[in-house]
Amino acid sequence: MAQIGIFVGTVYGNALLVAEEAENILKDRGHEVKVFEDATLESWLDYREQTVLVVTSTTGQGQLPDSIVPLYAALREKGGYQPALRYGVIALGDSSYPNFCAGGHLFDALLQEIGAKRLGDVLDVDAVEHPEPEVISCPWVEAWADLVDAQ
């Protein structure tokens, strides 16, 4: 089974809740999973030939939460090319604001730039439609786990 790092960017804790639910699902499927809240580039690089799941909310005018900005900046500046990396993104946001789910899409664009292979589509979770984000994220994680298993 796969080694999966879940990297979280959260402001109010919803992204962490989604990440913990994803961790449970993936562990139940036999994967080795670790959640990182204030991740460093070093912890990310441990997975550069493995699989990562980025779970992040959006804050301000479409920015990433402070907890994941240092990782994003370090990846952009020093992450290098990572063609062996497989990943997924769960983006949380509120559709009543401009730049809905932009934080997750920023991270997705960066991972595309560094050559990583996305498994499946980015999941956009709208707080307006889904005040309990795990209702939509858990089925997505199950389907994403199928893609991970197929690798």
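A Cβ is built for glycine as well, from the same backbone N, Cα and C atoms used for every other residue.
What Swiss-Prot records for this protein:
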{"type": "BINDING", "residues": "Thr10, Val11, Tyr12, Gly13, Asn14, Ala15, Asn99, Phe100, Cys101", "note": "FMN binding site"}
{"type": "DOMAIN", "residues": "4-145", "note": "domain 'Flavodoxin-like'"}
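Within 10 Å of the C-beta atom of Asn99 (FMN binding site) sit 15 other C-beta atoms, taking all shown protein chains into account.
Following the DSSP three-state reduction, the secondary structure of Asn99 (FMN binding site) is coil.
With helix defined as DSSP H, G or I and strand as E or B, the domain 'Flavodoxin-like' (4-145) counts 54 helix, 33 strand, 55 coil. Site extent for FMN: among the recorded binding residues Thr10, Val11, Tyr12, Gly13, Asn14, Ala15, Asn99, Phe100, Cys101, the largest C-alpha separation is 20 Å. Around the Cβ of Cys101 (FMN binding site), the same chain contributes Thr58, Ala91, Leu92, Gly93, Val122, Asp124, Val125, Asp126, each under 8 angstroms and 6 or more positions distant in sequence.
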